[in-house]
């Protein structure tokens, strides 16, 4: 790492806007969004933990997804908030690689968790009699550990690849965090081979869970269309609505940002799309799952009643 980057001590994160008058309003907006994200996801975790009827694979995966979303936004947003109020807006070279590592690892874990939740819905709708056998705790734990292992190995490989690049001129990253594409843009090394490796590896790691989700929902659609009653069809589809909404938000923005050549990278458009899956989607997940899900509403009411009774005791 030192052989390639001995002259680098800091990068400068340009942020969402270089307009000084926009810094404080942006700070206020993203600070509120961060608080809502953390608060909403903590409520989801507590609601699932407090209601024994929610101790099923689907909701266990949801509680882990909520925890990952908290960590995911914490990797990016606090540093972005500090830079919005700072004149230097710097991040150390090592700090940049560390941020990139955890960003990639947690983002990929999110995608694999969404795939695990799709498999859960597939088994629940298409093979309900064998649900307890197929989605037994040991298998769910294996899916979770597999998701984390693959994601962290992918992140480690990506960061090791980025650490071999040389940076000779500008150290200004035209982004609000250390993402792969804007950092590649700064390198004075020949990045053509790196781009091919990054694209190929990203296709393998991100497309795999996406295809799993796609296959699961094609099977679900075929099964649901065979249900004779309209009420039965609606009941089956309603259990998938929240998950499909989150999948559309997450993968729509991820595919737009990462599945294009570096030459098509656009600073403004890609920053907006990145905000969607790094800040907006983790913030919206608790609302999507609680507003469209009767079981989660019941769990939140139970949590509220428990907190209220404890407050009355004091």
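Just so it is clear, glycine is given a Cβ too, placed from its N, Cα and C backbone atoms.
Values in this document were obtained by computation on a predicted structure and should not be read as measured data.
Positions annotated as transmembrane segment by TrEMBL: 26-47 (among others). Same-chain residues lying 6+ beyond the ends of the transmembrane segment (26-47) with a Cβ under 8 Å from its Cβ atoms: 15-17, 54, 62-63, 66-67, 69-70, 73-74, 77-78, 80-81, 84-85, 279-280, 282-283, 285-287, 289-290, 296, 299-300, 302-303.
The domain 'G-protein coupled receptors family 1 profile' annotation in TrEMBL covers 40-289.
Among the features that TrEMBL reports, transmembrane segment is placed at 59-78 (among others).
Annotated transmembrane segment per TrEMBL: 98-119 (among others), in sequence order.
Sequence-distant contacts of the transmembrane segment (140-157), counting only residues of its own chain at least 6 positions beyond either end whose CB sits under 8 Å from a CB of the stretch, comprise 57, 60-61, 64, 100-109, 112-113, 115-116, 119, 201, 205. According to TrEMBL, the transmembrane segment annotation covers 140-157 (among others).
Sequence annotations record features per position, and here TrEMBL assigns transmembrane segment to 203-225 (among others). Residues 108, 111-112, 114-115, 118-119, 121-122, 125-126, 150-151, 154, 233, 236-237, 240, 244, 247, 251, 254, 258-259 of the same chain sit 6 or more residues outside the transmembrane segment (203-225) yet have a Cβ under 8 Å from a Cβ within it.
Look at TrEMBL and you will find 237-259 (among others) tagged as transmembrane segment. Beyond the ends of the transmembrane segment (237-259), by six or more residues, the same chain brings 107, 110-111, 114, 117-118, 121, 124-125, 180-181, 199, 202-203, 206, 210, 213, 217, 220, 224, 270, 273-274, 276-277, 280-281, 284-285, 288-289, 292-293 to within a C-beta distance below 8 angstroms of the stretch.
Annotation source TrEMBL lists transmembrane segment at 271-291 (among others).
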